[in-house]
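**Q** Shown below is the structure under consideration.
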Amino acid sequence: MVIGEETLWKRMSDPLTSRLIVTPLLSREQIRGGSVDVRLGTEFILMKRSARGPIDPMAMEEPLQDYQERVQVEVGDKMILHPNQLVLGVTLEFLQVPPDLLAYVIGRSSWGRLGLIVATAVMVSPGYRGSLTLELANLGDTPVYLYPGTRVAQLVFHTLDDSTAAYSQRGGKYTGPVGPEFSKLALDRDWQAIRLLSQKS
Amino acid sequence: MTAWQDLAWNAWRDERAGHLSASLRKMYGQLAPDMVDVWLKRMDSGSRPTGASAIKRWLSQLSGGLVVFLGDLQWDIAETAAGVVIAYPEPLGGDPLAMCGAILLWVGNDVGRMGMAVNLIGAALVPALFSAKWEGPLNGALWESWIRGYHNHLTLLRRDAMASWFESRSVVNAKWQWPTLPDFMEYTEQLRYGVVPHDRDGQSPRDPVAVLLALHQFEGEERLKIAGLAHKAIEGRLLADLWQQADDQGGNRQW
């Protein structure tokens with residue numbers, strides 16, 4: 001069931017462990033109808049063309065500075081996103097999803113019509129704490145400016161029909177960040193098996 | 001004839017200075033000659049703190065001009081007519097309370113400046129000094145008495161004791177009116193729990209000093225982990241205030 005506006009506000013006053021947190025909330029209008037608008041934050045990770053070789057998710061202990069560069073763009077400034085360029089952004093808001101809810105991230109179609117695709121990771125797990133890393137890609141043919149502080153996506157909250165262990169208690173890899181985070185694919189347990197199988201073959 | 005070494009030095013300066021932003025170049029042009037090379041190297045590195053934009057804003061308010069932070073290994077300050085440039089220990093850059101050490105650096109031994117700083121962020125000033133583990137040149141009688149008082153006050157972390165200590169400070173013919181200590185317990189709990197300090201309507205804490213004092217309750221690895229949460233709360237407050245001002249000017253009140 002989708003959570004409505006009144007319940008969203010109520011959940012923001014719950015005790016800390018079950019509270020819905022969305023902060024800073026620059027405008028009350030960000031919570032309207034059944035969704036919460038989130039804004040583009042000020043920190044970005046730019047993907048670089050590396051001279052060292054391709055990214056190997058099985059061996060991501062390689063220095064990530066070869067592939068990424070962190071930049072800060074203040075609210076009021078802008079950053080250009082070129083065609084086919086991918087950058088990692090972050091929501092301006094820090095979130096806590098209560099353990100009995102989950103959220104879906106939906107990119108705003110107004111941006112999509114300019115070629116900007118937001119957030120390929122669409123589900124935010126119950127109990128997640130932190131800002132959300134946004135994958136931003138320009139699929140159009142024309143460069144687009146990104147303005148921190150603009151509303152880039154919506155969160156729609158749903159209830160769960162049974163209690164679920166919170167994300168952090170299940171060993172989630174992304175709990176608590178306030179800036180964008182590079183992929184932590186290398187932490188997946190599956191790699192152990194895949195690595196062993198690749199040695200046998 | 002100019003020595004080839006001097007020519008090389010000048011060429012290096014010109015090249016480096018050519019990369020500077022207009023505001024930095026203006027400051028660079030007004031530095032004392034014996035300090036130019038040290039600051040140019042810092043300016044050239046172009047690094048910036050992640051936890052100090054609030055402190056920068058406070059310092060701009062106090063000094064009435066442009067303030068630039070540059071990463072280095074130690075604190076240093078140069079004041080020019082074009083603005084203030086501050087070097088800070090880069091490992092402390094993510095910690096907003098430690099970065100308040102920059103305000104103390106600007107204060108120096110100037111009693112008038114101290115009064116201005118006390119009015120602005122008084123309750124967080126002394127914790128800031130020790131958070132930054134600052135061992136700079138402020139070793140005058142004024143600072144010695146502060147530090148002695150701080151160390152003698154072993155129960156400083158207890159709120160009541162902290163408040164009374166602040167209220168009782170009087171140094172070198174200057175008795176400052178310390179602001180009332182803000183309530184920071186709720187923010188301390190939120191930091192301990194691992195979330196960005198906030199009020200229940202999702203707004204950032206009204207008083208950033210309360211967040212700094214909450215941050216001061218943590219030590220060791222825990223402090224390193226949560227400094228970013230405190231920074232986010234303070235930045236959120238500053239942004240919300242600016243946003244509100246802009247919104248009011250646009251005639252579209254949202255809160």
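Backbone N, Cα and C atoms are what each Cβ position is placed from, and that goes for glycine too.
Residues annotated as active site, proton donor/acceptor in TrEMBL: A:E135. Residues or ranges marked as dCTP binding site in TrEMBL: A:R108, A:S109, A:S110, A:W111, A:G112, A:R113, A:T133, A:L134, A:E135, A:Q154, A:Y167, A:K173.
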**Q** Using a 10 Å cut-off on CB atoms, tell me which of the binding-site residues A:S110, A:T133 is the least crowded.
**A** A:S110
**Q** To see if you understand the setup: which same-chain residues, six or more apart in sequence, place their Cβ under 8 Å from that of A:G112 (dCTP binding site)?
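**A** Same-chain residues close to A:G112 (dCTP binding site) (Cβ under 8 Å, separated by 6 or more) are A:V118.
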**Q** So, three-state DSSP: helix, strand or coil for A:S110 (dCTP binding site)?
**A** helix
**Q** Can you tell me how far the Cα of A:S110 (dCTP binding site) sits from the Cα of the residue listed as 'active site, proton donor/acceptor', in Å?
**A** 17
**Q** Please report the number of other Cβ atoms within 10 Å of the Cβ of A:R108 (dCTP binding site).
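**A** There are 16 of them.
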